[in-house]
Amino acid sequence: MDWTWRILFLVAAATSAHSQVQLVQSGAEVKKPGASVKVSCKASGYTFTSYDINWVRQATGQGLEWMGWMNPNSGNTGYAQKFQGRVTMTRNTSISTAYMELSSLRSEDTAVYYCAR
């Protein structure tokens with residue numbers, strides 16, 4: 001596979017054994033530069049609308065980078081300046097799922113993407 005023309009998106013599931021809180025994300029994706037990707041994060045074990053959802057990412061060998069937050073109850077969002085205009089965070093409360101869409105992808109967007117409560 002020609003990695004110079006594709007962008008790899010990895011996502012991870014976060015769980016808490018004590019409270020059975022789970023955030024289960026969609027699987028890995030490979031996208032071409034300029035494309036968009038939409039990552040899902042399905043919550044269970046708590047009231048989805050009671051806690052903000054944050055999205056962060058981590059590129060290989062780098063630290064965590066905060067992308068933004070969303071209030072699942074109101075739908076209000078706040079995005080890191082770096083991603084303004086490229087990121088959109090939404091939710092579907094009926095299925096307790098949050099979404100993060102990133103557009104105009106570039107090679108630097110290759111990372112593991114996490115949702116966090």
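Residue numbering: from 1, along the chain as shown.
Cβ from N, Cα, C; glycine included.
So that you can see what the record holds, here are the features copied from Swiss-Prot:
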type: DISULFID; residues: Cys41-Cys115; note: disulfide bond
type: DOMAIN; residues: 20-117; note: domain 'Ig-like'
type: CARBOHYD; residues: Asn92; note: N-linked glycosylation site
type: REGION; residues: 20-44; note: region 'Framework-1'
type: REGION; residues: 45-52; note: region 'Complementarity-determining-1'
type: REGION; residues: 53-69; note: region 'Framework-2'
type: REGION; residues: 70-77; note: region 'Complementarity-determining-2'
type: REGION; residues: 78-115; note: region 'Framework-3'
type: SIGNAL; residues: 1-19; note: signal peptide
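The DSSP breakdown of the region 'Framework-1' (20-44), given as helix, strand and coil counts, is 0 helix, 16 strand, 9 coil. Taking only the Cα positions, the spacing between Cys41 (disulfide bond) and Asn92 (N-linked glycosylation site) is 10 angstrom. Cα-Cα distance from Cys115 (disulfide bond) to Asn92 (N-linked glycosylation site): 15 Å (rounded to the nearest whole number). By the Cβ criterion (distance under 8 Å, sequence gap of 6 or more), the region 'Framework-1' (20-44) is not counted as touching the region 'Complementarity-determining-2' (70-77), fewer than 3 such pairs being found. Counting residues 6+ beyond its ends, the region 'Framework-2' (53-69) has Cβ neighbours under 8 Å at 39, 41, 43, 77-80, 83, 87, 89, 91, 98, 100, 108, 110-117 in the same chain.
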